[in-house]
Ligand code: DOR
């Protein structure tokens, strides 16, 4: 049986950090104690480093099959391992779209072959991920996927979404919704706010998001389906989710670091500021931060959306939607929210490790008996974000040049080391 002993690392225990040793046997945590002496076991000294349950990102784009020039399962999961993620959930805007078990098989085979960390895919909600037309066979797909999403598109018809939720509810898996009313888009590509008006750009109104969140919450009430809202970006959506939770509905949501750190006043005419949903107003950013701190927002996901350098080089109007996030999310959140006292370390760990596991049923944790999926962080490492150093093929980020603190030193999946940095002896 494979054994690994992690010595002298710090574990965050809710009330603070404690120095601990962790013994891993057969892929699970066998023992946690102040001192562990085990003979003939591979031992790693983690003095000065911090152990967290492996990070989980429930919203990434790995682009394989179909768009391997942007990213692959190998490159995207290696970027995840580099950053401390032990599980990532890729969205289905692929070719073929995983809308049948046969189509999904192509992706599952690539995962089996190349994935460095757990890669747990979504199936689409509609055939061809069109946001309309035919629904997928939820029951046939459910055993292979983490949930159902048409990410990149909203499901337009109320009747179709009601039927999707009715069928999905029987599987126990969640609907993970990209909320966007096409009729309200009017060719927009950044937030419909002051920057768009001043610089002559076409705006995407907030209503295009929150109208669909509102509709879907009503459908959850009618169907009982578990429902998770993708990349919440508006203050109205935060308020709707808060109310749904108070009512006891099975509703959860995520946002991404860029919506918490930036708003439309940060925009420049550069593709690295373009994503969907767009960076919103100052009020929206404040509401998102409040929601992240008070528990309305359950999860920090990245919406890691790599594109080629050329696709991101055409300014705000013509660049592709999407920025990368796997290799910047934790250091950005730690530096700008935990270090500055806006949120506790415990809250960050909940949003990046604990809640995604609980909501999506993903293994891992830092208790005896848990599957040994662990991120070891060097919380005192400080550096400047440089996209050239990213493992991901995608390099487009608005955070290049940001000074951050906190770097992943080692990543363990199923008790096996999948990334080891220079600062681990
Ligand atoms: O910015 C985005 N990029 N938003 C989406 O909804 C899709 C994603 C992508 O696939 O590039």
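Heads up, the Cβ atoms here are built off N, Cα and C, so glycines get one too.
Automatic, uncurated: that is what TrEMBL annotation is.
Not measured: the values here are computed from a predicted model.
Residue 303 (active site) has a Cβ environment of 28 other Cβ atoms inside 10 Å. Annotated active site per TrEMBL: 303, in sequence order.
Residues or ranges marked as Zn(2+) 1 binding site by TrEMBL: 59, 61, 151, 303.
Residues or ranges marked as substrate binding site in TrEMBL: 61, 62, 63, 93, 276, 307, 321, 322. Shown in sequence order, 152, 180, 204, 321, 322 are the residues of the chain, 6+ apart in sequence, with a C-beta less than 8 angstroms from the C-beta of residue 276 (substrate binding site).
Long-range Cβ proximity for residue 151 (Zn(2+) 1 binding site), meaning a same-chain Cβ under 8 A and a gap of 6 or more residues, is found for 59, 91, 92, 93, 122, 176, 178, 230. Positions annotated as Zn(2+) 2 binding site by TrEMBL: 151, 178, 231.
The annotation domain 'Dihydroorotase catalytic' is assigned in TrEMBL to 51-237.
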Quick test of your reading of the structure: among the binding-site residues 59, 62, 63, 231, whose CB sits under 6 A from ligand 1?
none
Once near-sequence residues are set aside, which residues in the chain of residue 61 (Zn(2+) 1 binding site), 6 or more away, have Cβ atoms under 8 Å from its Cβ?
70, 71, 76, 90, 91, 93, 303, 304, 305, 306, 322
Segment confidence, the domain 'Dihydroorotase catalytic' (51-237), expressed as mean pLDDT:
98
For residue 307 (substrate binding site) and residue 231 (Zn(2+) 2 binding site), what Cα-Cα distance in Å is obtained after rounding to a whole number?
18
Fill in the CA-CA distance, residue 62 (substrate binding site) to residue 231 (Zn(2+) 2 binding site), as an integer in Å.
17
